[in-house]
Structure formats: C-alpha cells, structure tokens
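Worksheet: one structure, shown below.
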Amino acid sequence: MRIIFLLIFLACAGLIGYALYLQLMDGLLPCPLCIFQRIAYWLIGITALFTFIHNPQSLGQHIYYGLIILFSLAGAIVAGRQAWLIRFPEAFECGISPEEAFLNGLPLAQWWPNMFEANGDCNDGTWQFLSLTLPDWSLLIFAAFGIIAGLLWHKKYNSINQ
C-alpha cells in the first residue's frame, strides 16, 4: 500500500513540473486560482511522501488520509471555480483580485516567483487536451487523489472494525 503514496507523490511532482513547463516554455502564465491549485498539489505530494517514508500505523494513517482528502477537496473546489469561470467568462471581474494581491504578497512568491507568483488570466481556457481545459483536468485529478485516499481510509477503517 505504501507504493500508492509514492505514486501520488510522483504524480504531483510531475503535474507541478508540467505546469512550470507550460509557464516557462509555452508562456501560459498562472492565475491566482492556478497558484492555489499548485499549492494543493504541493501539499498533497508532500503529505503522500511523508506517508510513504513514515509508513504510519493506524492513527497516523487516518491523519495522512484525512489530510490528502482535505487538500484534494480544496484543490477540487478551486479547480471547479476556475472551470466555471472559463465556461462563463461574463461572471469574471477584470483587474487585480484580492487573491492575486494576497498570493503575490506571500514570502513564497518572493522566494520562488516562477512557482508561486500569480500574473495570468483566470478565464484563459486556450490550453485543451481531449476538449478539457487545465482546470477540468485538475478537477479530475484532485477527485482521483481524494477518492484514492478515501478508499484507503475506508479499507483501513473496515479492517480495524472486523
């Protein structure tokens, strides 16, 4: 079961790496919602790596599974919001948002601006693969991570109660 968490960590690292590739090589600038999703991928990936390395017992597993579910849910909510904004651009407000000002003011944005500085347009849906935009794919991936952690948690809970 530990290998699943290594795979989740590697998937998160690959997704973050691909986001940086799109930003630096293709010029697709991240918006505030993209940065929040990157942070969620970081949190999921680090939690999965800790789970893999630590190999916790019962209580620790519940905590790690719960954190992955929480971070996946947060990422899915943000990705869903961005997917909605792309489909309904008239609901989008132009100008610097409070989220952008908040994110760009964080020490992380000063320390690693390529990763954490938001300067893109949230309703830019130009990148597509199989007719799905980046936030659509991100929503599916966050859902998958949450479902995997939920199933593992359920399996662990059932094995304890039997």
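Every residue, even glycine, has its Cβ placed from backbone N, Cα and C.
Relative to the membrane, Leu33 and His62 are annotated in Swiss-Prot as lying on opposing sides. Local packing around the Cβ, expressed as the count of other Cβ atoms within 10 angstroms, is greatest for Cys34 among the disulfide-bonded residues Cys31, Cys34. Packing against the transmembrane segment (40-56) from elsewhere in the chain are residues 2-3, 5-6, 8-9, 11-13, 15-16, 63-64, 67-68, 71-72, 74-75, 78, 142, 145: each is 6 or more residues past its ends and has a CB under 8 Å from a CB in it. DSSP states for the topological domain 'Periplasmic' (22-39), grouped as helix (H, G, I), strand (E, B) and coil, give 11 helix, 0 strand, 7 coil. Within its own chain, the topological domain 'Cytoplasmic' (1-4) has Cβ neighbours under 8 Å at 51-52, 55, 148, 152, counting only residues six or more beyond its boundaries.
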